[in-house]
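These notes concern the structure reproduced below.
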Amino acid sequence: GLFVTDYFTRTPRKLSPFRSFASIELFHFHIPEDTVIAVWNLITFKEQGGTFGDQCPDRSITVYFRSGAPSVINPLHTHFPRDTAVPGSFALTLTWTLPNRTTGVFNVTSPLPGDWFLAAHLPKDEGKISVKGLYEECQYLFQPQLIVQRLVNIAVLYPGHVTEQSMAPHNRSCLYKVFVPSYTSRVLVEVLRCRGAEGCPLWLRVRAKAPPLHNSTTLDCREHTPCQLAQDLPFWQHWYYVLVEKHPGVPGTVSFQVTVQLTDCSRPSLARPPFLPSSASMNMPHSFGSAGGLALGDSPPPTSPNDTKHPVPIPATSHAGERCWPVRPTLRNELDTFSVHFYIFFGPNVSVPPDRPAVFVINLLPVLDSGGVLNLELRLNVSSLCGENVTVFGCLNHEVPLTSGDNTSVTCETESLAGFLLSVNATATLSRLRIPYPQTGSWYLSLRSLCATEHGFEPCTNVTAEVYLRAYLSPCINDCGIYGQCKLLRTNNYLYAACECKAGWNGWGCTDNAEAFSYGFQLLSTLLLCLSNVMFVPPVAIAVRSHYLLEAAVYIFTMFFSTFYHACDQPGIVVFCIMEYDVLQFCDFLGSLMSVWVTVIAMARLQPIVKQASVLYLLGAMLLSMALQMDRHGLWNLLGPSLFALGIMAVAWTARTIRRRHCYPPTWKRWAFYLCPGALIAAAAVLLYAFVETEENYFYIHSIWHLLIAGSVGFLLPPRAKPSRRLGPLPRRKGCGYQLCVNEQEELGLVDPAVASINSICTS
């Protein structure tokens, strides 16, 4: 055949340490039909400060692959919520081959067509809280590339038609495909009139959706006559690929014929069902039409399989085409993103007859619905059992319904199908099933009632069980509970949801409490972070006593908003918010930076120049507000204003030292007992904040930060300014009916009256 090669690539993305699925990087690819091989080229490289990160440590990178929906991963081995089905995926760990770059290759032979998802992440780190901009961070970038090779012009087999083929000596195989429509109960592939040098030296392989592999369903035509390969309950609305392969070492040309027969249960002429009762006993109202479009003694009218007025029957697994049951559709009601309810016509209460299953179909839209959670809830009405020991089994299967004809063993799996089993009875009346990131397409739920006896399960007699059925799509499992937050994430044009847990809780639905914080621990951490701000009371008292009223107001502002910000910022349930979180965070950061600013400006002793000091206070408030609005976690938001204020203080102190020809501040006690201890305390606080603080010790290290910063302010705040030695003018005297001139300098005795120039103030 003719091969065509396609190439796909994605933009490199920065990888993060794994904490939850919200921290992974997700990549979406689409593999076309008739692809025989797909090769993923996985490129990873390091960066540090805009250059190659040769000095960055080697950290392993884990990549997950899954077809149809994103991978449900659990690298931390946490517990999943109850009643959660975990679909499988393939994982690959990349190791470094070069100091700053590595490449991995992942090959998939005959991959399933459609959507493929890659998820990548770094290992979990120690949770250190780093200050943004303090040092150049090592970045690990990941870029996947996909190369696919697909066949074009594959021969198409038409059901009921014979295709002749002659395989030349240099050819090893012939590939065909046949489309299987809905309501097909059986696919039969047969090789006819096979002639070769050694009888019929052919292998017959069949596979759904993609070309067959070595482990696909296989038949040796030399050992089986006739050479027929049957597939019961095939996937609907998919291509089936037929590979006729020649045995190795067979000389000469091999000629044969290939034909395909499809058993269509929706057409009674091909698979006529047995006697069917009236529509009332089939749990179908008369206005909905007869069950399966058939009535007692009536010949079936010619209807389309997609006719919504007549439910289309499906076969049971005992013998293909022996029985046909109606499929009931569901109504899709979209409420929001990943919030979809599937309503059952004439439901939600469903009657399950004793002698036949009740089958429902749930349609998930491609791409749009695979990023949420498919929820199924089954509740039994015990009063409908009439005292019988009835168990209602439900099988949820993808792309084809499955109704077992074996009463002794109830299962939802066959050799080619895998499903999920639900069951309810008089003792366990409720059953739930959650499927995170379900594959899109049609999901079929088959409900069947059986009675338990000493010999196993047997069909019930004259007991119609009634169950309440609820099916819906949600973003996360139980909205991630009280210790998690459901986040809506996006990668390019693909949306998906994931839980982000807090307070030590883990798991896909934040239900794993192995490392969870207790209520007492949460209360203690909240009280420490909040009450440590009381340390600002002494600096406020010192500022008021020293007539630094503006500084005292800033300290009160900082103490108030820091207290209530940390009360609102807690991860657990001990949370109290008086305002929106963003407002509290902004005010807390602004108050902290303004406290540093006004303290250093006060230390500069600019009070005699009143106008300049007021300008600096106002300028600092405006610049800090602008900087916080740009980036609240940047390093220069703290260092920039602090260094600028320290520069102003250094200039003021230097000017005083030069003018007085003496070190400023002039007393050694001021340096020894106030400035040096205050500077050491502030430096210790900065070191703790920048290098010691982690997520585990945050609550007490940050509380110590509050205590140290407030304590350093009490030491660094200068004492009350002494009154100026310049005396103002004397009070003006009033004469009685005459004008009195007073010389101020002469009155003060500062100059010789004979020499001084007279500066008189005359009043009447």
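Note: Cβ is positioned from N, Cα and C throughout, glycine not excepted.
Any TrEMBL annotation is an automated prediction that lacks curation.
If you look up TrEMBL, you'll see 499-510 marked as domain 'EGF-like'. The list of residues near the domain 'EGF-like' (499-510) in space but at least 6 beyond its ends in sequence, with Cβ under 8 angstroms from a Cβ of it, reads 19-22, 72, 74, 76, 78-81, 84, 436, 476-478, 480-481, 483-487, 516-517, 522, 571-573.
With a cut-off of 8 Å between Cβ atoms, the residues of this chain six or more beyond the transmembrane segment (516-536) that come close are 483, 503-505, 555-556, 558-559, 562-564, 566-567, 570-575, 699-700, 702-704, 706-707, 710-711, 713. Annotated transmembrane segment per TrEMBL: 516-536 (among others), in sequence order.
If you look up TrEMBL, you'll see 548-567 (among others) marked as transmembrane segment. Within the same chain, residues 526, 529-531, 533-534, 536-537, 539-540, 575-579, 584-585, 587-588, 591-592, 594-595, 598-599, 602, 617, 702, 706, 713, 717 sit at least 6 positions outside the transmembrane segment (548-567) and bring their C-beta atoms closer than 8 Å to a C-beta of that stretch.
Taken from TrEMBL, the feature transmembrane segment covers 573-597 (among others).
Summarising the annotation, TrEMBL assigns transmembrane segment to 609-628 (among others).
The feature transmembrane segment is assigned by TrEMBL to 634-655 (among others).
Annotation comment: TrEMBL describes 671-692 (among others) as transmembrane segment.
Look at TrEMBL and you will find 698-717 (among others) tagged as transmembrane segment.
For the transmembrane segment (671-692), the partner stretch with the most Cβ pairs below 8 Å, chosen from 573-597, 634-655, 698-717, is 698-717.
Here the transmembrane segment (634-655) has Cβ contacts under 8 Å with residues 131-134, 589, 593, 596-597, 600-601, 603-606, 616, 620, 623-624, 627-628, 664-665 of the same chain, all six or more residues outside its ends. Taken together, the residues in the domain 'EGF-like' (499-510) have a mean pLDDT of 91 on the 0 to 100 scale. Helix, strand and coil counts under DSSP for the domain 'EGF-like' (499-510) come to 0 helix, 4 strand, 8 coil.
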